[in-house]
């Protein structure tokens, strides 16, 4: 073993002699150039003697070859920042004496002081010698440093090796010394670069603020020969060390490997989010799903600050189609002093509402009783007001919050069969052949619209105009504000059963099997859409396509501009009693107890909403809501379906008398509420309205 060490030491000395020879040549070149400089500066000799200590430092600088800015990316960036250095100029770096007060980190302090004392002693010895003596002294000093390094600490030896690498470049050759050194004290030291970059794992632990003593195993005294083994390990090259480590790990027990992992892993774990600038960190967080953002907020205080960013949540709300008015509403409801993003509150609120729709809760619906045992024929819902019309000749206005009947609108002399509603105005049509305009606040009848000669069976409101269809085969266009009849559309030869109006065109369907498209301003029928073989009971119109449902079991899609039939949708077995159209997706409810979802552009049936949980009787009404489909039926239930998958989610309403006479006649829904008109035809269920609220905030929970 001693012979191997001796051989390795001899090889080391030979390599160091070769390296010293290269450094000697560099020193000679540098000092020869200094001789020329001193000849040119003889006039300043007296001044140079007065500041001999400064001269000693410059002599030390002369012993190391400067590093050009082009060879260091870090210095290149400094040159860009300074902006005053020309392309041909070189920024030079040399070793600087490190004084005691320059030690900024307690972990490196001892090593720095040892190096400083050695260099300072060398400087003092060089002050009174000739340049030739400085050459010899420099050579001896380097040897002395290496010998001292072997005796003192391996880390100091490593620092000197790193200093050598900086002085000689990556390939071991000295840098070119063709230009003069920069004068002055404001230059950067390669030794400071070495100190800033941890070179061993121990240095990395110290740089991370971990004491080396924390990982020491205190089970007993260190084994004999440990220091010799460590010294031998340091003399090996990088590949040799890796090979030794592989062999060492193979011989370790599981507990010992676990100990190594516990020591090593924490040093390479980095909170990259906290290290990034805030803008980049927020950009990274935009790729997280909202649920993941909420979990990230629990990591630490800084992550919580980032995860609460209002603009970040505004983007999440935009992706989900949540409008600003919703967030403003939530901001008003938020507790004072709560440091929560308004957009985040809006998103969470909408998420809770969606979850309540899909999964429900244990709260019972609010029950609004009225109209005795009569049938509720029409239902409207706007804001916090509900308006129900019945064949008992009245309409009732209800509060969706308290469930109280605010007022009863009386005046019709026949049953109410249809109605439309704006914010504070209700229009109703009756078997008494009139339409009435009501003020929901005062409960007064503002206008009575006369003109039809039979039951007003359908109507559609757009802006300040309402179009009504009657069993007298005509349609009339009314101005709601004045109560004046502006236009009369004639052409059907049987009762008009359904009507749609988009402000530009009127579309009507009747018992004469016809669908007609009208220009209300000229009172001209633009197209008569023929194809159905039985009565037309339902219509949808989006300005481009007309969709009609008939007793002949088919649904037809028409081009409103040309009047041509685009698709005939087949699959239902009976009367299509209700339809909803949105974004080219059509939902149709049929008396065959099924609901179908269609793409009207292709004519394809996307889903048939049936299966074990399907309706057991005719579908009476349906509506889109939040990517869901609500359907009511004569079987006394209201079912919720997923529009994308066609899957049944749950029964939102199930009457006690379902299957034995209970009926849900009409449904109306907003984003947060569902209103159902229910009763029975045989007296098993009293007539009532059911109100379900899915916006259960903290205030409502406290009231409960």
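Along the chain as shown, the residues are counted starting at 1.
Cβ atoms are placed via backbone N, Cα and C, with glycine included.
Quick look at what TrEMBL annotates:
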COMPBIAS  19-35  compositional bias 'Basic and acidic residues'
COMPBIAS  36-46  compositional bias 'Acidic residues'
COMPBIAS  47-58  compositional bias 'Basic and acidic residues'
COMPBIAS  130-149  compositional bias 'Acidic residues'
DOMAIN    270-316  domain 'F-box'
REGION    1-75  region 'Disordered'
REGION    121-157  region 'Disordered'
REPEAT    376-408  repeat 'WD'
REPEAT    409-448  repeat 'WD'
REPEAT    449-488  repeat 'WD'
REPEAT    489-528  repeat 'WD'
REPEAT    529-568  repeat 'WD'
REPEAT    569-608  repeat 'WD'
REPEAT    612-651  repeat 'WD'
What residues in the same chain, six or more past the boundaries of the repeat 'WD' (449-488), come closer than 8 Å to it by Cβ-Cβ distance?
-> 414, 417-422, 425, 427, 429-431, 433-437, 494-503, 506, 508, 510, 512, 518, 520-521, 523
Please list, for the repeat 'WD' (569-608), how many residues fall into helix, strand and coil according to DSSP.
-> 0 helix, 24 strand, 16 coil
For the repeat 'WD' (612-651), mean pLDDT (0 to 100) | 93
Other parts of the chain folded back onto the repeat 'WD' (409-448), taken as Cβ under 8 Å at six or more residues beyond its ends = 377-378, 380-383, 385, 387, 389-397, 454-461, 466, 468, 470, 472, 478, 480, 482-483
